[in-house]
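Q: Take a look at the following structure, please.
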Amino acid sequence: MGRILNRTVLMTLLVVTMAGTAFSGSFNEEFDLTWGEHRGKIFSGGKMLSLSLDRVSGSGFKSKKEYLFGRIDMQLKLVAGNSAGTVTAYYLSSEGPTHDEIDFEFLGNETGKPYVLHTNVFAQGKGNREQQFYLWFDPTKNFHTYSLVWRPQHIIFMVDNVPIRVFNNAEQLGVPFPKNQPMKIYSSLWNADDWATRGGLVKTDWSKAPFTAYYRGFNAAACTVSSGSSFCDPKFKSSFTNGESQVANELNAYGRRRLRWVQKYFMIYDYCSDLKRFPQGFPPECRKSRV
């Protein structure tokens, strides 16, 4: 079950908010392969990881450490060719029915058709905050960096250091925000052909299996939590304890322009614009969705 830190521990963590610890090491040291038997592999001296999916099973891994606020970077190269029906998920999550979660999900497609990048935020077990995007490149040709920046003020989703989505803390409007539960990093490759591609109309072509996604370049500048206490490396204090100034650096004028560019040309779904879904009015956090 996901732990909710007591008030004393939480206040201690917030005092050192974002005095981060950077981990840019071996997948062997930082992650456990959790399911899929031989379908998950760590190789190249711990610098590379792959997940595979076949008709029998997918595969997945999770971090050994738990994090509470920080920036998580991972380079991925997604399943090439006909990836319809497959989902590559990369996300932060706590455990239990009132869990918090911050999601990247890459929904596969038929050969020559674009992946859909699905994002979502869960707080206290409630999600339904989806935004979806096409990418401005082919994510199967090369590695690209997908980042989650998690702060008490907001969550930023980034692709190759370009912000694509900002989820602001709207607790003053009664909207829960992920800030109390430490989360681990998870990733999995699995079959979801009942919904992933065109709402389930396109099924997985098992003649193309195994499907494989590749990972490298993991980095975490974050606070880790263990047994109710936190560890943050002081050498990152200057970049993570500056509060609003650091937030401004992440979303400076150029970053805001890039965010608007992505949302204008590549966003294909936004729950904050779905009148059919919310005929009585949009969720309250949608009022704070613009940057």
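Placed from the backbone N, Cα and C atoms, the Cβ positions cover glycine too.
For 1-24, the entry in Swiss-Prot reads signal peptide. The annotation domain 'GH16' is assigned in Swiss-Prot to 25-215. Positions annotated as active site, nucleophile by Swiss-Prot: E101. The site 'Important for catalytic activity' annotation in Swiss-Prot covers D103, and the record cites similarity to another entry as its basis. If you look up Swiss-Prot, you'll see E105 marked as active site, proton donor, on the strength of sequence analysis. Sequence annotations record features per position, and here Swiss-Prot assigns xyloglucan binding site to E105, H118, T119, N120, N128, R129, E130, D194, W195, G199, R277 based on similarity to another entry. Residues or ranges marked as N-linked glycosylation site by Swiss-Prot: N109. According to Swiss-Prot, the feature disulfide bond maps to C223-C232, C272-C286, an assignment based on similarity to another entry.
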Q: Could you state the whole-number distance in Å separating the C-alpha atoms of C286 (disulfide bond) and T119 (xyloglucan binding site)?
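A: Each residue's Cα considered, C286 (disulfide bond) and T119 (xyloglucan binding site) end up 15 Å apart.
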Q: Using a 10 Å cut-off between Cα atoms, which of these recorded positions sit near T119 (xyloglucan binding site): N109, C223, C272?
A: none
Q: What's the CA to CA span in angstrom from C272 (disulfide bond) over to E130 (xyloglucan binding site)?
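A: Their Cα atoms are separated by 9 Å.
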Q: Around R277 (xyloglucan binding site), how many other C-beta atoms are within 10 angstroms of its C-beta?
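A: There are 12 of them.
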Q: Which number gives the other C-beta atoms within 10 angstroms of the C-beta of C223 (disulfide bond), all protein chains shown included?
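A: Other Cβ atoms found within 10 Å: 25.
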Q: Between the Cα atoms of C223 (disulfide bond) and W195 (xyloglucan binding site), find the distance and write it as a whole number of Å.
A: 36
Q: Using DSSP, would you call N128 (xyloglucan binding site) helix, strand or coil?
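A: Looking at the DSSP assignment, N128 (xyloglucan binding site) belongs to neither helix nor strand, so coil.
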Q: Since the record lists N109, T119, N128 as recorded positions, which of them has the fewest other Cβ atoms within 10 Å of its Cβ?
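A: Each of the recorded positions N109, T119, N128 was scored; lowest Cβ tally within 10 Å is N128.
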Q: Please give the greatest C-alpha separation between any two of the xyloglucan-binding residues E105, H118, T119, N120, N128, R129, E130, D194, W195, G199, R277, in angstrom, as a whole number.
A: 21
Q: Look up W195 (xyloglucan binding site) in the DSSP assignment and report helix, strand or coil.
A: coil
Q: Measure from the CA atom of E130 (xyloglucan binding site) to the CA atom of the residue listed as 'active site, proton donor' and give the result in Å, rounded to a whole number.
A: 11
Q: Counting Cβ neighbours within 10 Å across all chains shown, tell me which of the recorded positions D103, E130 comes out on top.
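A: Highest number of other Cβ atoms within 10 Å: D103.
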Q: Test of understanding: give the count of other CB atoms lying within 10 angstroms of the CB of C272 (disulfide bond).
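A: 17, counting other Cβ atoms within 10 Å of C272 (disulfide bond).
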